[in-house]
Amino acid sequence: MDLTAENLGVRRGEDFIFMNISFKLSDGEALVLTGRNGSGKSTLLRTVAGLLRPEQGRVKIAGEGIDAEMRPSEAFHYLGHRNAMKTELTVAENLRFWKDFLGDFPGSTGVAIDEAAAIVGLAGITHLPFGYLSAGQQRRFAMAKLLVAWRPVWILDEPTAALDRAADAMFTDLVKSHLGKGGIVLAATHQPLGLEKAQELQMTGFAGVETWA
């Protein structure tokens with residue numbers, strides 16, 4: 001499939017945070033956003049994910065299994081700074097909610113909850129309340145959401161911030177596997193995460209200028 005952003009611009013108050021942002025990604029490709037704090041990286045990710053409405057421009061998807069009625073966000077997973085998991089529910093209940101709520105992209109199937117737990121290195125504890133877990137364990141299970149409901153585009157905002165090297169290595173393997181299966185990754189991250197060959201988009205804030213590398 002193809003993910004295309006055309007001339008995106010987002011305003012905060014009277015001023016644009018950024019404008020005229022365009023890019024196109026196809027199967028197996030990744031784009032990493034760089035730039036200083038406040039340059040609009042998180043805002044761009046949230047806009048592409050459909051969580052913020054752009055002042056100008058649009059995001060579109062095209063490819064096999066995509067019809068005219070499908071919203072682009074139906075092809076996306078968004079993993080931001082928050083885990084988006086209920087502390088009073090068990091891990092299994094949380095993952096079941098996201099598996100059912102998000103659903104799978106047409107033609108693909110997510111992995112079982114127990115399998116996802118094993119992949120993120122935490123097999124055997126999905127019966128525990130999410131709130132009982134350490135911060136690192138909670139973050140790993142938030143990453144498992146990417147696995148239980150299969151979607152081709154991963155939008156990642158500093159997904160491994162403050163985690164240890166083992167978690168970084170685990171998530172790097174997940175990202176590489178996703179790209180190897182033809183997935184697409186759009187990320188703001190200071191960690192390599194298997195994205196060394198990714199395209200780069202430098203955000204410059206109010207200047208509205210982007211630089212490809």
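Keep in mind that glycine also has a Cβ here, set from the backbone N, Cα and C atoms.
What Swiss-Prot lists as domain 'ABC transporter' is 3-211, and the listing cites sequence analysis. Look at Swiss-Prot and you will find Gly35, Arg36, Asn37, Gly38, Ser39, Gly40, Lys41, Ser42 tagged as ATP binding site, backed by sequence analysis.
This view paints the features noted in Swiss-Prot onto the structure.
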residue: Asn37; record: ATP binding site; Cβ contacts under 8 Å, 6 or more apart: none
residue: Lys41; record: ATP binding site; Cβ contacts under 8 Å, 6 or more apart: Leu33, Thr34, Gly35, Asp157, Ala188, Met203
residue: Ser42; record: ATP binding site; Cβ contacts under 8 Å, 6 or more apart: Gly80, Asp157, Ala188
| query | If you draw a 10 Å sphere on the Cβ of Gly40 (ATP binding site), how many other Cβ atoms land inside? | reply | 26
| request: Specify the count of other C-beta atoms within 10 Å of the C-beta of Gly35 (ATP binding site). | output: 18
| task | Within 10 Å of the Cβ of Ser39 (ATP binding site), how many other Cβ atoms can you find? Include all protein chains, please. | result | 20
| task | Would you mind giving the whole-number mean pLDDT across the domain 'ABC transporter' (3-211)? | result | 90
